[in-house]
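Note sheet for the following structure.
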Amino acid sequence: MRVTEGGVDLEVPGEQTEGVEEPVFYNPRQELNRDLTIATLRAYREREDRAETYLDAMTASGVRGVRAAADGWDVTCCDLEADAVDLAQENVARNDLEADVRVEHRNVNALMHDEPFDVIDLDPYGTPMPYADAAFANCRDLVCVTATDTAPMCGAHFNSGVRSYSAVPRNTDYHAEMGVRILLSALARSAARFDVGVEPILTHATSHYVRTYLELEHRATAADAAVDELGSLYHCEDCLYRESDPGLIADPLETCPHCGGNRVLVAGPVWLGSVQDPAFVDAVREEIPDEFGTAERARDLCETLAAELDAPTHYDQHKLCRNWGVPANAMDDFLADLRDAGYAASRSHYGGTTFKTDASVGEIRAATEGSLTN
Ligand SMILES: C[S@@+](CC[C@H](N)C(=O)[O-])C[C@H]1O[C@@H](n2cnc3c(N)ncnc32)[C@H](O)[C@@H]1O
Ligand SMILES: [Zn+2]
(Lines of atoms letter the chains of each structure in order from A and count residues from 1; the text may use other names and numbers.)
(Lines give C-alpha, C1' and ligand atoms only; values in the text may rest on other atoms or scores of the structure.)
(Ligands and ions follow the chains in the order given, each with its own letter.)
Protein backbone atom coordinates (compact mmCIF):
# COMPACT_ATOMS: atom_id res chain seq x y z
CA MET A 1 0.00 0.00 0.00
CA ARG A 2 1.34 3.43 -0.98
CA VAL A 3 1.04 6.26 1.55
CA THR A 4 2.02 9.92 1.35
CA GLU A 5 2.55 11.72 4.62
CA GLY A 6 4.09 15.13 5.26
CA GLY A 7 5.43 15.27 1.70
CA VAL A 8 7.23 11.90 1.76
CA ASP A 9 6.21 8.66 -0.02
CA LEU A 10 6.09 5.38 1.80
CA GLU A 11 5.37 1.81 0.89
CA VAL A 12 3.79 0.00 3.84
CA PRO A 13 2.37 -3.53 4.12
CA GLY A 14 -1.36 -3.77 3.14
CA GLU A 15 -4.29 -3.11 5.43
CA GLN A 16 -3.13 -2.92 9.02
CA THR A 17 -5.09 -2.87 12.20
CA GLU A 18 -3.73 -2.45 15.69
CA GLY A 19 -4.25 -5.46 17.93
CA VAL A 20 -3.88 -8.08 15.19
CA GLU A 21 -0.90 -10.40 15.13
CA GLU A 22 0.83 -8.83 12.14
CA PRO A 23 3.20 -6.08 13.30
CA VAL A 24 1.83 -2.59 12.78
CA PHE A 25 4.51 -0.99 10.62
CA TYR A 26 2.58 2.14 9.85
CA ASN A 27 -0.24 3.44 12.00
CA PRO A 28 -2.24 6.18 10.26
CA ARG A 29 -3.78 7.09 13.62
CA GLN A 30 -0.38 8.40 14.74
CA GLU A 31 -0.16 11.00 11.97
CA LEU A 32 -0.99 13.85 14.38
CA ASN A 33 1.82 12.66 16.65
CA ARG A 34 4.26 12.64 13.69
CA ASP A 35 3.10 16.00 12.28
CA LEU A 36 3.65 17.56 15.69
CA THR A 37 7.03 15.86 15.95
CA ILE A 38 8.20 17.45 12.71
CA ALA A 39 6.85 20.86 13.72
CA THR A 40 8.55 20.48 17.11
CA LEU A 41 11.86 19.55 15.50
CA ARG A 42 11.60 22.65 13.32
CA ALA A 43 10.78 24.94 16.26
CA TYR A 44 13.51 23.34 18.34
CA ARG A 45 16.17 23.83 15.67
CA GLU A 46 15.12 27.46 15.29
CA ARG A 47 15.92 27.86 18.98
CA GLU A 48 18.96 25.59 19.27
CA ASP A 49 20.75 25.62 15.94
CA ARG A 50 23.48 23.25 17.15
CA ALA A 51 20.97 20.33 17.13
CA GLU A 52 21.72 18.21 14.03
CA THR A 53 21.46 14.49 14.72
CA TYR A 54 18.11 12.73 15.16
CA LEU A 55 17.67 9.11 16.22
CA ASP A 56 14.37 7.52 15.13
CA ALA A 57 14.87 4.84 17.76
CA MET A 58 11.96 2.55 16.84
CA THR A 59 11.53 3.29 13.19
CA ALA A 60 9.19 0.55 11.84
CA SER A 61 8.37 1.87 8.31
CA GLY A 62 10.99 4.62 8.67
CA VAL A 63 8.37 7.33 8.46
CA ARG A 64 9.68 9.60 11.21
CA GLY A 65 13.28 9.31 10.09
CA VAL A 66 12.41 9.94 6.43
CA ARG A 67 10.33 12.98 7.33
CA ALA A 68 13.11 14.36 9.57
CA ALA A 69 15.74 13.73 6.89
CA ALA A 70 13.59 15.55 4.32
CA ASP A 71 13.81 18.50 6.74
CA GLY A 72 17.63 18.37 6.80
CA TRP A 73 18.28 16.39 9.98
CA ASP A 74 21.19 13.98 10.07
CA VAL A 75 19.12 10.86 10.72
CA THR A 76 19.73 7.39 12.11
CA CYS A 77 16.80 4.95 12.05
CA CYS A 78 16.87 1.83 14.19
CA ASP A 79 14.68 -1.23 14.62
CA LEU A 80 15.01 -4.64 16.20
CA GLU A 81 12.97 -6.38 13.49
CA ALA A 82 14.64 -7.33 10.21
CA ASP A 83 11.38 -6.76 8.28
CA ALA A 84 11.13 -3.23 9.64
CA VAL A 85 14.76 -2.47 8.78
CA ASP A 86 14.23 -3.68 5.17
CA LEU A 87 11.08 -1.60 4.86
CA ALA A 88 12.72 1.50 6.34
CA GLN A 89 15.67 1.13 3.96
CA GLU A 90 13.30 0.90 0.98
CA ASN A 91 11.43 3.97 2.14
CA VAL A 92 14.63 5.94 2.62
CA ALA A 93 15.73 5.00 -0.94
CA ARG A 94 12.30 5.82 -2.38
CA ASN A 95 12.48 9.46 -1.27
CA ASP A 96 15.70 10.64 -2.94
CA LEU A 97 16.87 12.33 0.21
CA GLU A 98 19.81 14.68 0.01
CA ALA A 99 21.12 13.63 3.39
CA ASP A 100 22.39 10.11 4.04
CA VAL A 101 20.12 8.18 6.36
CA ARG A 102 21.61 5.28 8.27
CA VAL A 103 19.31 2.37 9.13
CA GLU A 104 20.54 0.17 11.98
CA HIS A 105 19.32 -3.34 12.71
CA ARG A 106 19.94 -3.38 16.45
CA ASN A 107 18.50 -3.24 19.88
CA VAL A 108 18.34 0.53 20.22
CA ASN A 109 19.39 0.38 23.87
CA ALA A 110 22.81 -0.84 22.71
CA LEU A 111 22.98 1.80 19.97
CA MET A 112 22.12 4.62 22.39
CA HIS A 113 24.86 3.48 24.75
CA ASP A 114 27.34 3.36 21.86
CA GLU A 115 26.90 6.83 20.45
CA PRO A 116 25.37 10.17 21.40
CA PHE A 117 22.57 11.91 19.48
CA ASP A 118 21.25 15.46 19.76
CA VAL A 119 17.61 14.35 19.61
CA ILE A 120 16.28 10.88 20.45
CA ASP A 121 12.73 9.85 19.60
CA LEU A 122 11.35 6.89 21.56
CA ASP A 123 8.18 5.51 19.97
CA PRO A 124 7.78 1.95 21.24
CA TYR A 125 4.73 -0.26 21.63
CA GLY A 126 3.54 0.32 25.22
CA THR A 127 5.78 1.77 27.89
CA PRO A 128 8.96 3.68 26.94
CA MET A 129 10.61 3.05 30.32
CA PRO A 130 12.88 0.17 29.20
CA TYR A 131 14.60 2.68 26.87
CA ALA A 132 14.64 5.75 29.11
CA ASP A 133 17.95 5.14 30.90
CA ALA A 134 19.97 4.67 27.71
CA ALA A 135 18.31 7.72 26.15
CA PHE A 136 19.00 10.06 29.07
CA ALA A 137 22.51 8.73 29.57
CA ASN A 138 23.52 9.65 26.01
CA CYS A 139 21.17 12.22 24.46
CA ARG A 140 22.47 15.79 24.25
CA ASP A 141 19.44 18.01 23.87
CA LEU A 142 15.92 16.66 23.44
CA VAL A 143 14.22 13.35 24.20
CA CYS A 144 10.82 12.82 22.55
CA VAL A 145 8.70 10.08 24.12
CA THR A 146 5.47 8.29 23.20
CA ALA A 147 3.73 6.04 25.72
CA THR A 148 0.72 4.03 24.57
CA ASP A 149 0.12 2.06 27.76
CA THR A 150 -2.51 4.45 29.07
CA ALA A 151 -4.32 1.90 31.26
CA PRO A 152 -1.21 1.20 33.39
CA MET A 153 -0.16 4.87 33.51
CA CYS A 154 -3.55 6.12 34.67
CA GLY A 155 -4.01 3.44 37.33
CA ALA A 156 -6.65 1.33 35.56
CA HIS A 157 -4.13 -1.55 35.33
CA PHE A 158 -2.64 -0.81 38.70
CA ASN A 159 0.11 -3.44 39.10
CA SER A 160 1.38 -2.95 35.59
CA GLY A 161 1.55 0.83 36.20
CA VAL A 162 3.47 0.35 39.45
CA ARG A 163 5.93 -2.01 37.76
CA SER A 164 6.58 0.16 34.71
CA TYR A 165 6.72 3.56 36.38
CA SER A 166 7.94 2.80 39.95
CA ALA A 167 5.09 4.97 41.19
CA VAL A 168 1.52 4.62 42.42
CA PRO A 169 -0.94 5.71 39.73
CA ARG A 170 -4.63 6.10 40.67
CA ASN A 171 -7.70 5.86 38.52
CA THR A 172 -9.46 9.24 38.81
CA ASP A 173 -11.72 11.41 36.64
CA TYR A 174 -8.56 13.02 35.20
CA HIS A 175 -7.10 9.69 34.09
CA ALA A 176 -5.22 10.91 31.01
CA GLU A 177 -3.52 13.60 33.08
CA MET A 178 -2.66 11.03 35.76
CA GLY A 179 -0.91 9.18 32.92
CA VAL A 180 0.97 12.32 31.83
CA ARG A 181 2.20 13.02 35.35
CA ILE A 182 3.12 9.43 36.19
CA LEU A 183 5.07 9.17 32.94
CA LEU A 184 6.89 12.50 33.46
CA SER A 185 7.75 11.53 37.03
CA ALA A 186 9.34 8.27 35.93
CA LEU A 187 11.22 9.98 33.09
CA ALA A 188 12.50 12.75 35.39
CA ARG A 189 13.75 10.14 37.89
CA SER A 190 15.43 8.15 35.12
CA ALA A 191 17.22 11.27 33.84
CA ALA A 192 18.23 12.33 37.35
CA ARG A 193 20.29 9.12 37.73
CA PHE A 194 22.61 10.55 35.06
CA ASP A 195 22.68 14.05 36.57
CA VAL A 196 20.37 15.24 33.81
CA GLY A 197 17.48 17.61 34.44
CA VAL A 198 14.39 17.48 32.23
CA GLU A 199 12.06 20.29 31.22
CA PRO A 200 8.88 19.25 29.39
CA ILE A 201 8.45 21.82 26.61
CA LEU A 202 5.45 20.19 24.94
CA THR A 203 3.18 17.42 26.21
CA HIS A 204 -0.16 16.12 25.03
CA ALA A 205 -2.45 13.21 25.82
CA THR A 206 -4.29 12.29 22.65
CA SER A 207 -6.45 9.25 21.77
CA HIS A 208 -4.82 6.54 23.87
CA TYR A 209 -1.27 7.76 24.03
CA VAL A 210 0.83 10.39 25.77
CA ARG A 211 3.54 12.28 23.95
CA THR A 212 6.12 14.50 25.60
CA TYR A 213 9.24 16.42 24.54
CA LEU A 214 11.87 16.84 27.23
CA GLU A 215 14.65 19.37 26.93
CA LEU A 216 17.72 18.21 28.82
CA GLU A 217 20.16 20.07 30.99
CA HIS A 218 23.31 18.13 31.89
CA ARG A 219 23.89 19.39 35.41
CA ALA A 220 23.31 17.75 38.81
CA THR A 221 21.54 20.88 40.09
CA ALA A 222 19.16 20.74 37.09
CA ALA A 223 18.41 17.11 37.96
CA ASP A 224 17.74 18.19 41.56
CA ALA A 225 15.40 20.90 40.30
CA ALA A 226 13.47 18.31 38.25
CA VAL A 227 13.18 15.98 41.24
CA ASP A 228 11.84 18.97 43.21
CA GLU A 229 8.89 19.04 40.79
CA LEU A 230 7.70 15.64 42.06
CA GLY A 231 5.06 15.10 44.69
CA SER A 232 1.79 13.43 45.59
CA LEU A 233 -1.85 13.86 44.65
CA TYR A 234 -4.62 13.27 47.17
CA HIS A 235 -8.01 12.71 45.61
CA CYS A 236 -11.46 12.28 47.19
CA GLU A 237 -13.51 9.71 45.31
CA ASP A 238 -16.76 11.09 46.74
CA CYS A 239 -16.68 14.83 46.03
CA LEU A 240 -13.71 14.95 43.55
CA TYR A 241 -11.71 17.28 45.82
CA ARG A 242 -8.00 17.03 45.07
CA GLU A 243 -4.83 18.45 46.50
CA SER A 244 -1.19 18.30 45.45
CA ASP A 245 1.68 17.96 47.90
CA PRO A 246 5.28 18.63 46.78
CA GLY A 247 8.10 16.35 47.92
CA LEU A 248 8.93 12.67 47.77
CA ILE A 249 7.53 11.89 51.19
CA ALA A 250 3.74 11.78 51.15
CA ASP A 251 1.64 13.03 54.04
CA PRO A 252 -1.77 11.72 52.95
CA LEU A 253 -5.04 13.25 54.10
CA GLU A 254 -6.97 10.95 56.45
CA THR A 255 -10.28 12.50 55.48
CA CYS A 256 -11.43 14.83 52.74
CA PRO A 257 -11.29 18.48 53.86
CA HIS A 258 -14.31 19.27 51.66
CA CYS A 259 -16.85 16.49 52.32
CA GLY A 260 -15.33 14.73 55.33
CA GLY A 261 -15.36 11.36 53.53
CA ASN A 262 -12.54 8.86 53.97
CA ARG A 263 -12.26 7.53 50.43
CA VAL A 264 -9.11 9.52 49.69
CA LEU A 265 -6.78 8.08 47.03
CA VAL A 266 -3.04 8.80 47.11
CA ALA A 267 -0.99 8.85 43.89
CA GLY A 268 2.71 9.51 43.47
CA PRO A 269 5.36 10.41 42.95
CA VAL A 270 3.82 12.37 40.08
CA TRP A 271 5.25 15.32 38.15
CA LEU A 272 3.58 18.43 39.59
CA GLY A 273 5.48 20.94 37.47
CA SER A 274 4.66 22.52 34.12
CA VAL A 275 4.15 20.19 31.21
CA GLN A 276 4.57 22.84 28.48
CA ASP A 277 6.52 25.95 27.66
CA PRO A 278 3.65 28.03 26.19
CA ALA A 279 6.00 30.21 24.08
CA PHE A 280 7.56 27.08 22.59
CA VAL A 281 4.13 25.57 21.91
CA ASP A 282 3.21 28.78 20.05
CA ALA A 283 6.42 28.43 18.03
CA VAL A 284 5.54 24.81 17.19
CA ARG A 285 2.11 25.94 16.01
CA GLU A 286 3.77 28.37 13.62
CA GLU A 287 5.75 25.49 12.08
CA ILE A 288 2.68 23.47 11.03
CA PRO A 289 2.14 24.02 7.30
CA ASP A 290 -1.24 23.57 5.59
CA GLU A 291 0.18 20.54 3.76
CA PHE A 292 0.32 18.45 6.92
CA GLY A 293 -2.57 15.97 6.97
CA THR A 294 -3.57 16.93 10.51
CA ALA A 295 -2.72 20.65 10.24
CA GLU A 296 -6.01 21.93 11.60
CA ARG A 297 -6.17 19.49 14.51
CA ALA A 298 -2.51 20.01 15.33
CA ARG A 299 -2.89 23.80 15.38
CA ASP A 300 -6.04 23.62 17.51
CA LEU A 301 -4.26 21.33 19.92
CA CYS A 302 -1.29 23.71 20.21
CA GLU A 303 -3.64 26.62 20.81
CA THR A 304 -5.40 24.80 23.64
CA LEU A 305 -2.12 23.58 25.12
CA ALA A 306 -0.55 27.04 25.13
CA ALA A 307 -3.59 28.52 26.89
CA GLU A 308 -4.00 25.67 29.38
CA LEU A 309 -3.60 26.82 32.99
CA ASP A 310 -0.55 25.37 34.70
CA ALA A 311 -2.30 23.29 37.38
CA PRO A 312 -1.58 19.64 38.27
CA THR A 313 -5.06 18.24 37.55
CA HIS A 314 -8.04 19.17 35.41
CA TYR A 315 -11.75 18.85 36.22
CA ASP A 316 -14.51 17.49 34.05
CA GLN A 317 -17.45 19.87 34.21
CA HIS A 318 -19.99 17.14 33.39
CA LYS A 319 -18.69 14.85 36.11
CA LEU A 320 -18.78 17.66 38.68
CA CYS A 321 -22.33 18.62 37.69
CA ARG A 322 -23.47 14.98 37.83
CA ASN A 323 -21.98 14.76 41.31
CA TRP A 324 -23.83 17.91 42.32
CA GLY A 325 -27.11 16.72 40.74
CA VAL A 326 -27.44 19.75 38.43
CA PRO A 327 -27.41 20.02 34.63
CA ALA A 328 -24.18 21.34 33.08
CA ASN A 329 -24.28 24.75 31.38
CA ALA A 330 -22.18 26.07 28.48
CA MET A 331 -18.48 25.76 29.21
CA ASP A 332 -17.75 29.41 28.35
CA ASP A 333 -20.41 30.58 30.84
CA PHE A 334 -19.08 28.21 33.46
CA LEU A 335 -15.51 29.47 33.03
CA ALA A 336 -16.72 33.09 33.00
CA ASP A 337 -18.38 32.53 36.41
CA LEU A 338 -15.09 31.23 37.79
CA ARG A 339 -13.15 34.19 36.43
CA ASP A 340 -15.78 36.66 37.68
CA ALA A 341 -15.29 35.17 41.14
CA GLY A 342 -11.56 35.93 40.88
CA TYR A 343 -10.19 32.51 39.95
CA ALA A 344 -7.95 31.61 37.04
CA ALA A 345 -9.66 29.19 34.65
CA SER A 346 -9.02 27.73 31.20
CA ARG A 347 -10.18 24.93 28.98
CA SER A 348 -7.88 21.93 28.82
CA HIS A 349 -6.87 19.65 25.96
CA TYR A 350 -8.05 16.52 27.77
CA GLY A 351 -11.56 16.84 26.37
CA GLY A 352 -14.32 19.28 25.46
CA THR A 353 -15.87 19.23 28.93
CA THR A 354 -12.56 19.56 30.82
CA PHE A 355 -11.08 22.66 32.41
CA LYS A 356 -8.38 23.83 34.78
CA THR A 357 -8.69 26.30 37.60
CA ASP A 358 -6.97 27.35 40.80
CA ALA A 359 -10.29 27.10 42.64
CA SER A 360 -10.99 24.08 44.88
CA VAL A 361 -14.03 21.92 44.27
CA GLY A 362 -16.01 23.82 46.92
CA GLU A 363 -14.96 27.16 45.46
CA ILE A 364 -15.97 26.00 41.96
CA ARG A 365 -19.40 25.02 43.28
CA ALA A 366 -19.87 28.37 45.03
CA ALA A 367 -18.67 30.40 42.02
CA THR A 368 -20.88 28.64 39.48
CA GLU A 369 -23.94 27.65 41.48
CA GLY A 370 -25.99 30.72 40.49
CA SER A 371 -25.92 29.61 36.85
CA LEU A 372 -26.36 25.89 37.51
CA THR A 373 -29.92 25.68 38.75
CA ASN A 374 -32.85 24.34 36.70
C1 LIG B 1 5.17 1.62 17.54
S2 LIG B 1 6.35 0.97 16.40
C3 LIG B 1 7.14 2.41 15.80
C4 LIG B 1 6.31 3.26 14.90
C5 LIG B 1 7.02 4.34 14.15
N6 LIG B 1 7.94 5.09 14.98
C7 LIG B 1 6.02 5.27 13.48
O8 LIG B 1 5.96 6.48 13.80
O9 LIG B 1 5.27 4.79 12.64
C10 LIG B 1 7.56 0.24 17.46
C11 LIG B 1 8.76 -0.36 16.74
O12 LIG B 1 9.77 -0.58 17.73
C13 LIG B 1 10.54 -1.70 17.36
N14 LIG B 1 11.28 -2.14 18.56
C15 LIG B 1 10.81 -2.76 19.65
N16 LIG B 1 11.81 -2.95 20.55
C17 LIG B 1 12.93 -2.40 20.02
C18 LIG B 1 14.28 -2.27 20.47
N19 LIG B 1 14.66 -2.73 21.67
N20 LIG B 1 15.16 -1.65 19.66
C21 LIG B 1 14.78 -1.16 18.45
N22 LIG B 1 13.52 -1.27 17.98
C23 LIG B 1 12.60 -1.88 18.74
C24 LIG B 1 9.49 -2.67 16.84
O25 LIG B 1 10.09 -3.66 16.01
C26 LIG B 1 8.54 -1.73 16.09
O27 LIG B 1 8.87 -1.65 14.73
ZN1 LIG C 1 -14.57 14.71 49.46
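Note that the numbers count up from 1, one per residue, in the order the chain is shown.
For all residues, glycine too, the Cβ spot is worked out from N, Cα and C.
Taken from TrEMBL as is:
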- R34, R64, D79: S-adenosyl-L-methionine binding site (BINDING)
- C236, C239, C256, C259: Zn(2+) binding site (BINDING)
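Here the features listed in TrEMBL are painted onto the structure.
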| residue | record | contacts (Cβ under 8 Å, 6+ apart) |
| --- | --- | --- |
| R34 | S-adenosyl-L-methionine binding site | E5, G6, V63, R64, R67 |
| D79 | S-adenosyl-L-methionine binding site | M58, T59, A60, V85, A88, V103, E104, H105, V108 |
| C236 | Zn(2+) binding site | R242, C256, H258, C259, G261, R263, V264, L265 |
| C239 | Zn(2+) binding site | C256, H258, C259, G261, N323, V361 |
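Close to ligand 1, meaning a Cβ under 6 Å from one of its atoms, are these of the binding-site residues R64, D79, C259: R64, D79. Only C236, C256, of the binding-site residues R64, D79, C236, C256, place a Cβ under 6 Å from an atom of ligand 2. Within 10 Å of the C-beta atom of R64 (S-adenosyl-L-methionine binding site) sit 28 other C-beta atoms, taking all shown protein chains into account. What surrounds the S-adenosyl-L-methionine site, by Cβ distance within 8 Å of the Cβ centroid and not counting R34, R64, D79, is the set D56, M58, T59, A60, S61, G62, V63, G65, C77, D121, D123 from the same chain. With the fewest other Cβ atoms inside 10 Å of its Cβ, the least crowded of the binding-site residues C256, C259 in this structure is C259.
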